[in-house]
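A.B. asks: Quick one: this structure, given as structure tokens, is what I'll be asking you about.
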Amino acid sequence: MKNLIYRTGILSLIIQIITGVFDYYVLGLSIPASFLLLKNLLWLEFFVQIIEGTFYIWMVTNFSTIADITHFRYYDWFITTPTMLFTYSFYLLYLKYKEENMEIDKNIYELVQENLGVLIPVIVLNALMLVFGYLGEIKKMSKYLAAFLGFIPFILMFSIIYKNYAVFSVDGIKTFWYFCGIWSLYGVASVLPYNMKNIMYNILDLFAKNFFGIFLAFILFYANKEVSNTINKTETTM
């Protein structure tokens, strides 16, 4: 069973590299100005993949010498999860503007300033959730108690995101339940035995950290295709 942790870790790393290369390729493409926010969000997701990939490279190269890798995951998560929540919240904000047929005329810094009242509680609750999980992993409290306490800030955090961002668009609601569902499975995995837990974490990381980056990348990829097709039609007409 322990070999499965290693194998799923290798599989996860390979897929991370493939998605990272694709994301980087898309980041170099020309896109319409209306997609600029999504391009900035993809840069942040690319950063998440670098942190994630660094952890997995460390894990697979040191696997035989580490007795318990689980608590090391939290060093990754304390960096990547707030970044992911930020990018997802702003993607939902983008959908809200799109639903209302409005263009985003502010840069990402201005949007952050405007949304600090929502983002700060989300980031604080996320940190609290991770602290409870970490305390359970280092056996400072029961893993069941840690999971129970961790779900309290989890529910509050996603409630804030739903009420302030997701509820304003059909696509926002759909992606919200996917995002929320995948993240909730980390809490379920936290109470499982060591081997099963880490196998599940390896698989969940693929869907939680790589899916959204690929999702944004494909939106931008097709936006670039539309620009290219428009240019080609114009040249043909001329």
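Backbone N, Cα and C define each Cβ position, glycine as well.
TrEMBL entries are annotated by machine, without manual review.
Below are the features listed in TrEMBL for this protein:
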- 12-35: transmembrane segment (TRANSMEM)
- 41-63: transmembrane segment (TRANSMEM)
- 75-95: transmembrane segment (TRANSMEM)
- 115-135: transmembrane segment (TRANSMEM)
- 144-163: transmembrane segment (TRANSMEM)
- 175-194: transmembrane segment (TRANSMEM)
- 206-223: transmembrane segment (TRANSMEM)
A.B. asks: Taking a Cβ cut-off under 8 Å, which residues six or more beyond the ends of the transmembrane segment (75-95) line up next to it in the same chain?
C.D. replies: 37-38, 41, 44-45, 47-48, 51-52, 54-55, 104, 108, 111, 115, 118-119, 122-123, 126-127, 130, 157, 161, 164-166, 168-169, 171-172, 175-176, 179, 208-209, 212, 216
A.B. asks: So which residues does the transmembrane segment (12-35) touch in its own chain, when a touch means Cβ under 8 Å and the partner is 6 or more beyond its ends?
C.D. replies: 42-43, 45-46, 49-50, 52-53, 56-57, 60, 103-104, 202-203, 205-206, 209-210, 213-214, 217, 219-221, 223-224, 226-227
A.B. asks: Can we call the transmembrane segment (41-63) and the transmembrane segment (206-223) in contact, meaning three or more C-beta pairs below 8 angstroms at a sequence separation of 6+?
C.D. replies: yes
